[in-house]
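Per TrEMBL, the features are as follows:
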DOMAIN    24-172  domain 'RapZ-like N-terminal'
BINDING   29, 30, 31, 32, 33, 34, 35, 36  ATP binding site
BINDING   76, 77, 78, 79  GTP binding site
DOMAIN    182-301  domain 'RapZ C-terminal'
REGION    306-327  region 'Disordered'
């Protein structure tokens, strides 16, 4: 970590804090992506959860005395009067009204994962009850595309178990101090694709790669020795300090725009060493500056899941690579 990495603080006046109106989370996404699970999780977090309420009744629900608990509304194509334009109109109406603090939670998943989930449950897709699930899934993805771009929080559930989803949503929504935007940092492998829903992304592949050191290859970026190796690259200090300064500059601006969540990705070749090191170090810097931070190491989670499914269960903080990949 470069000199002074944790010295900056996120200073911004009250005008940059999001308004404190009635919290309303609109939960949507393609069928099979985990919307019902998310509604249940939010209910466990203290939200008043209502699923599949006709959109025409939402204004009546919100009219009158403020509700004592934050509200989570589940919206999908099975809603009686669901349409993309109606949902966007609802989002705009809530955004314009200072009595409300709306957020859009969009649960997403890859099309092939949705098809597999439908096959496993033998359910019919609501848009194509007589057709193939894939046809219905693709039609729904296209229909929801304008809503997806309005999402404040986008969670890709393709590789998440219900427990993982609960943890992820807890990181976003179970916070007492909602005045501060929360940040999630993601490490990933470019070989496996860029995670969905990132707001910012940084490429770490130019940094020195511990994969080529036989003593470090089987370790990951949480290991102090790996971090020392990556940090010894003469470009590392300036790279990390510039990214830190950029993020700390941008965070108050995102708060001013009304965002409550920001997802930042760091990628490298294998998602084991350099990107993990950057996430771990950046998390410390942002936390020291007063920002709520959560971490997700996608490829390390894959490794643990693979070990678990093969019967070799390793805790996340002790899991090590079994098949050498460039980090």
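Here the Cβ of each residue, glycine as well, is placed from N, Cα and C on the backbone.
Structure with TrEMBL features highlighted.
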residue	record	DSSP (3 states)
29	ATP binding site	coil
34	ATP binding site	coil
76	GTP binding site	coil
Measuring Cα to Cα, how many Å separate residue 78 (GTP binding site) from residue 33 (ATP binding site)?
14
Most crowded position, judged by CB atoms within 10 A, among 33, 77 as binding-site residues:
33
Only counting partners 6 or more residues apart, tell me which same-chain residues put their Cβ under 8 Å from the Cβ of residue 30 (ATP binding site).
107, 108, 109, 114, 137, 140, 141, 144
Express the distance between the Cα positions of residue 32 (ATP binding site) and residue 79 (GTP binding site) as a whole number of Å.
15
Around the ATP site formed by 29, 30, 31, 32, 33, 34, 35, 36, which additional residues qualify by having Cβ within 8 Å of the site's Cβ center?
76, 107, 109, 114, 157
Please spell out the DSSP helix, strand and coil residue counts for the domain 'RapZ-like N-terminal' (24-172).
69 helix, 28 strand, 52 coil
Expressed to the nearest Å, what is the distance separating residue 31 (ATP binding site) and residue 79 (GTP binding site) at their Cα atoms?
12
Neighbour count (Cβ, 10 Å) for residue 76 (GTP binding site)
21
In the structure shown, which of the binding-site residues 31, 36, 79 has the fewest Cβ neighbours within 10 Å?
36
Can you break down the domain 'RapZ C-terminal' (182-301) into helix, strand and coil residue counts using DSSP?
54 helix, 25 strand, 41 coil
Taking only the CA atoms, the spacing between residue 34 (ATP binding site) and residue 76 (GTP binding site), expressed in whole angstrom, is 11
Taking 10 A as the limit, how many CB atoms besides its own sit near the CB of residue 35 (ATP binding site)?
22
Whole-number Å distance separating the Cα atoms of residue 76 (GTP binding site) and residue 33 (ATP binding site) is 11
Measuring Cα to Cα, how many Å separate residue 33 (ATP binding site) from residue 77 (GTP binding site)?
13
Round to the nearest Å and give the CA-to-CA distance linking residue 79 (GTP binding site) with residue 35 (ATP binding site).
13
